[in-house]
Amino acid sequence: MAKQVFQTTFAGRELIVETGQVAKQANGSVVVRYGESTVLTAAVMSKKMATGDFFPLQVNYEEKMYAAGKFPGGFMKREGRPSTDATLTARLIDRPIRPMFAEGFRNEVQVINTVLSYDENASAPMAAMFGSSLALSISDIPFDGPIAGVQVGYVDGQIIINPSQEQAEQSLLELTVAGTKHAINMVESGAKELSEEIMLEALLKGHEAVKELIAFQEEIVAAVGKEKAEVELLHVDADLQAEIIAAYNSDLQKAVQVEEKLAREAATQTVKDQVIAVYEEKYADHEEFDRIMRDVAEILEQMEHAEVRRLITEDKVRPDGRKVDEIRPLDAVVDFLPRVHGSGLFTRGQTQALSVLTLAPMGETQIIDGLDPEYKKRFMHHYNFPQYSVGETGRYGAPGRREIGHGALGERALAQVLPSLEEFPYAIRLVAEVLESNGSSSQASICAGTLALMAGGVPIKAPVAGIAMGLISDGNNYTVLTDIQGLEDHFGDMDFKVAGTRDGITALQMDIKIQGITAEILTEALAQAKKARFEILDVIEATIPEVRPELAPTAPKIDTIKIDVDKIKIVIGKGGETIDKIIAETGVKIDIDEEGNVSIYSSDQDAINRAKEIIAGLVREAKVDEVYRAKVVRIEKFGAFVNLFDKTDALVHISEMAWTRTNNVEDLVAIGDEVDVKVIKIDEKGRVDASMKALLPRPPKPERDEKGEKSERPYRPRHHKDHKPKKEITETPKDSE
């Protein structure tokens with residue numbers, strides 16, 4: 001295929017798509033240029049159906065450091081495992097694409113996005129999402145797209161599509177919305193306590209922009225799209241399905257309606273084991289034994305799926321007996337752990353999360369060095385999901401994509417209410433340990449995080465709570481569920497997580513298994529979520545009504561001082577010698593930023609005070625009109641040098657020592673004397689002049705007589721230097737001759 005170029009303008013930036021030039025051996029590939037961001041997307045499908053009971057889709061997002069003109073960090077100077085941001089972007093692309101493949105599709109599909117050049121004002125993640133959909137759409141891979149996504153901001157009361165970096169920094173909203181031309185199918189958002197009405201407006205305007213991108217994709221597909229390949233879909237034998245349903249559907253229905261999770265799982269598994277045992281014996285010698293048993297397992301899954309949905313849509317009964325808008329029993333506990341800086345345990349039904357707070361000096365912040373300029377991340381929220389939380393065994397190790405994603409969602413929800421660095425100069429880490437799970441564990445971690453922050457004395461603006469909403473839809477009718485449990489999440493059509501305060505939403509996340517949802521469903525889900533959020537906040541506030549006024553005794557205390565930027569090198573010293581000496585002497589931790597903010601941390605307040613004194617002395621400057629108790633350190637004919645403090649000396653000129661005239665400095669002071677001086681001048685070179693006499697009483701002026709005239713003083717003739725007095729001649733009386 002020859003190279004073809006397609007071009008349009010979107011959100012004020014040029015959008016160019018190139019096909020037929022690179023990566024031509026992939027099933028589909030495109031180069032997307034948005035602004036000066038360039039992303040290569042290649043989509044590949046395996047030739048045969050994969051084994052397993054799930055669709056093996058893999059979406060990667062690769063950040064090449066050369067795209068931003070940077071070297072990779074570390075010793076190897078080569079890109080390694082994906083960054084957290086890259087992992088989250090890959091999930092962001094995967095989620096709207098996954099529902100667009102046919103039920104029963106089992107061929108492995110890989111979609112690889114490589115960022116080749118990076119423009120911080122033109123969203124590379126959105127270019128990658130666009131490219132992923134387009135590469136699949138023009139390929140022969142059976143994909144029921146296209147889809148597209150946009151970023152949405154909210155600045156000065158205005159909705160902005162794909163905001164620039166400057167606009168994003170000012171925005172009260174960080175929203176990504178994706179979907180088809182008919183409906184929204186993915187949402188990811190952080191927000192600064194925005195109302196449901198503003199969020200809905202942003203979602204709908206975002207979807208209007210999505211439609212523009214889809215129309216552009218359809219134009220390209222019409223020009224260069226391949227005919228879709230015929231692939232085998234996983235279908236079960238219809239006769240076998242009818243046979244199993246007739247024999248065992250009644251037993252499975254009874255098992256599904258057991259209200260308690262573990263008992264229900266045991267009951268359904270008993271029915272499934274019974275069916276499997278019957279058919280293993282029946283077809284033990286059959287040449288297609290593996291296919292038949294795979295069909296049996298799939299049929300049982302479909303039967304359970306159908307019964308859960310029937311109960312909710314027809315009988316309006318949930319598996320655990322709740323109403324559609326009812327929350328499971330709630331419990332909140334603070335101070336679950338001793339010694340730590342704060343802890344909260346939150347339980348909702350059979351979902352339970354423990355959140356643990358750690359406060360640290362700002363030197364513990366995480367340095368993020370990706371395609372954007374390097375920055376420091378002050379707040380971290382980490383989410384762990386051990387297998388024992390669902391009563392199973394499994395792998396243990398580094399967090400997977402799901403754990404990273406759930407941690408990021410909680411981080412966005414809670415970050416909106418954290419105090420500023422000036423108000424609370426700490427690095428903050430929350431770790432959520434999921435101890436039990438039956439759905440909505442990410443939202444439980446947000447509630448537990450609020451408890452831990454408040455118990456730990458972090459002055460958050462308001463408590464945050466989270467709730468997960470679900471959806472069961474048969475095409476014509478739908479039911480929105482509040483606080484979905486695991487079974488409803490697994491067999492339902494939507495997982496819509498909403499977190500916020502009483503004043504507004506701080507985070508949204510929505511994934512669906514159908515191809516989209518309407519504005520009507522979104523409106524209803526947001527309204528039900530608000531009601532549920534307030535109920536949970538009632539429980540949190542009853543447990544801990546206000547943020548504690550003090551930090552835990554084990555938390556590091558902190559004090560801050562501000563120094564001039566040009567004094568930073570004095571405090572640090574050559575090779576860090578000075579600051580290391582202060583730390584060794586006092587036992588504190590010290591952080592200094594590039595603006596001269598010095599943060600001193602210790603559990604011992606006396607140690608902090610001592611370190612502050614040392615630093616204040618190092619950077620102290622003499623000021624005009626200030627008085628100092630100084631020590632004479634050197635004497636010259638013209639005056640004495642005195643030490644004001646540390647390494648700062650001043651000259652007291654002989655004329656500034658006393659009101660009476662003296663010709664000898666040593667008549668007034670000696671080396672080692674301590675004298676009070678007042679600074680009277682500092683010249684442009686920083687040289688200090690001081691005065692002793694300015695602090696002494698001025699001698700009285702000469703007295704005046706009753707007429708107000710000065711009293712007479714002895715006459716002292718003054719002569720010009722060249723004047724010679726005449727010689728007096730005395731005549732001798734003649735009589736004396």
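Using N, Cα and C of the backbone, Cβ positions are placed for all residues, glycine too.
Here is what Swiss-Prot says about this protein:
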- ASP489, ASP495: Mg(2+) binding site (BINDING)
- 700-715: compositional bias 'Basic and acidic residues' (COMPBIAS)
- 725-737: compositional bias 'Basic and acidic residues' (COMPBIAS)
- 556-615: domain 'KH' (DOMAIN)
- 625-693: domain 'S1 motif' (DOMAIN)
- 691-737: region 'Disordered' (REGION)
Which of ASP489, ASP495, the listed binding-site residues, has fewest other Cβ atoms within 10 Å: ASP489
Where ASP489 (Mg(2+) binding site) falls in three-state DSSP terms: helix
Mean of pLDDT values spanning the domain 'KH' (556-615): 92
DSSP helix/strand/coil residue counts for the domain 'S1 motif' (625-693): 7 helix, 36 strand, 26 coil
DSSP-assigned states of the domain 'KH' (556-615) in counts, ordered helix, strand, coil: 32 helix, 16 strand, 12 coil
